[in-house]
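**Student:** Quick one: the structure is below, and I'll ask about it shortly.
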Amino acid sequence: MFGPDRCGATNKVHFILKHKNPKSGKYIEHHLKFPPSVPSDKLTHVYTAILTPDNELRILVDGEEKKKANFLAEDDFEPSLIPSKTIPDPDDKKPEDWDERAKIPDPDSTKPDDWDEEAPMEIEDDEAEKPEGWLDDEPEEVDDPEATKPEDWDDEEDGEWEAPKIDNPKCTEAPGCGEWKRPMKRNPAYKGKWQPPLIDNPSYKGIWKPQEIDNPEYFEVEKPDFEPIAAVGIEIWTMQDGIVFDNILIASDEKVAESYRESAWKPKFEAEKLKQKEEETTESDGLKGVQKVVFDNLYKVADLPFLGEHKVKVLDLLEKAEKQANLTIGILASILVIFFSIFLKLIFGGKKKPAAVVAETKKTEVAESSNKEGSSEEKEEQSEDAAAAAAPRRRTTRRDN
């Protein structure tokens with residue numbers, strides 16, 4: 001069996017050899033160890049297995065050698081083609097008195113008189129003192145003073161309403177609240193359950209293994225006994241379409257395979273790569289076209305007068321999103337959130353300041369302006385700077401593509 005196999009965690013170019021044991025007459029499957037992986041793209045690939053008279057196996061992918069092995073090498077196939085000379089005796093049994101314990105508890109050791117197995121692992125720290133300012137009578141949580149009972153609350157159906165709890169603000173300013181308890185510390189008298197120390201086992205005999213006997217199926221060959229190829233079968237198990245096998249060649253000359261690979265596969269492979277590159281370029285150009293339409297419309301929306309003071313921020317975000325493709329999605333999402341927030345504000349309106357606050361603000365501004373000194377030229381310059389800051393900025397560059 002030879003060819004690509006990619007399914008789940010499996011990703012390899014199989015090479016499986018069925019070889020007849022001349023002693024037993026059984027056919028054994030021998031799998032190539034550490035086979036090469038399958039290319040991960042969707043292009044057409046050609047797989048070549050070269051078997052040479054000196055028992056060498058070479059696997060090529062697209063004409064490039066990916067694996068070399070030897071049929072008679074012990075480490076290249078699982079199981080190896082040549083069986084081991086000896087095998088464990090299947091009839092050999094471990095004796096009942098066989099001791100595999102390297103260490104045993106010392107039978108002469110006894111627990112010390114002062115060993116307390118009941119001593120706890122932790123005890124209270126007697127040296128700890130309650131911090132100064134600890135609020136014993138203050139709970140860690142209190143009712144939220146700002147919480148109010150909902151208007152639709154029904155005591156008969158919903159039960160007695162209770163305000164939600166919040167952290168007691170007094171506890172944040174103090175070392176702590178509530179009942180103070182001594183912290184725990186490790187108990188110096190703790191030793192745990194006593195166990196006798198381990199000593200070398202005088203009866204230790206090692207790990208038992210069955211004795212080795214001659215392998216009745218052992219054989220030696222100078223080269224594998226390959227049977228003639230009478231037919232070719234294709235085994236496919238897949239959950240996706242677009243998988244095609246063709247141009248299967250069996251030849252006795254490596255040069256023939258190389259020539260056919262160059263004439264039948266190479267032109268098709270190069271054409272596929274060119275087509276794939278063109279499709280990627282088209283997809284990229286299509287995305288750029290869509291991006292241009294989106295930004296043109298966003299700039300038009302940004303010029304609408306209803307944005308007011310937010311127009312400058314929106315224009316800045318649009319320019320950043322247009323120049324930095326990796327930030328486009330996140331910035332566009334931010335712009336949409338701004339549009340939506342302004343839209344809601346226009347519909348429902350914002351909160352107005354109380355009259356007293358407005359009056360106090362105006363009064364403060366008048367007082368501050370009366371305390372400021374400066375020439376009329378400085379005031380005019382400040383007014384011009386303020387007007388320039390309030391004016392919305394426009395794009396300084398035009399997009400030509």
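Cβ coordinates are placed from backbone N, Cα and C, and glycine is handled just like the others.
The region 'Disordered' feature in TrEMBL is assigned to 70-182, 361-401. If you look up TrEMBL, you'll see 88-113, 361-377 marked as compositional bias 'Basic and acidic residues'. Look at TrEMBL and you will find 114-145, 152-161 tagged as compositional bias 'Acidic residues'. According to TrEMBL, the transmembrane segment annotation covers 327-348. TrEMBL lists 392-401 with the feature compositional bias 'Basic residues'.
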**Student:** So what's near the compositional bias 'Acidic residues' (152-161) in sequence-distant terms, Cβ-Cβ under 8 Å and 6+ beyond its ends?
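**Tutor:** Those are none; the list is empty.
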**Student:** At a C-beta cut-off of under 8 Å, are there same-chain residues at least 6 beyond the compositional bias 'Acidic residues' (114-145) that contact it? List them, or none.
**Tutor:** 162-168, 170-171, 174-180, 182-187, 189-194
**Student:** What does DSSP give as the helix, strand and coil breakdown of the region 'Disordered' (70-182)?
**Tutor:** 9 helix, 20 strand, 84 coil
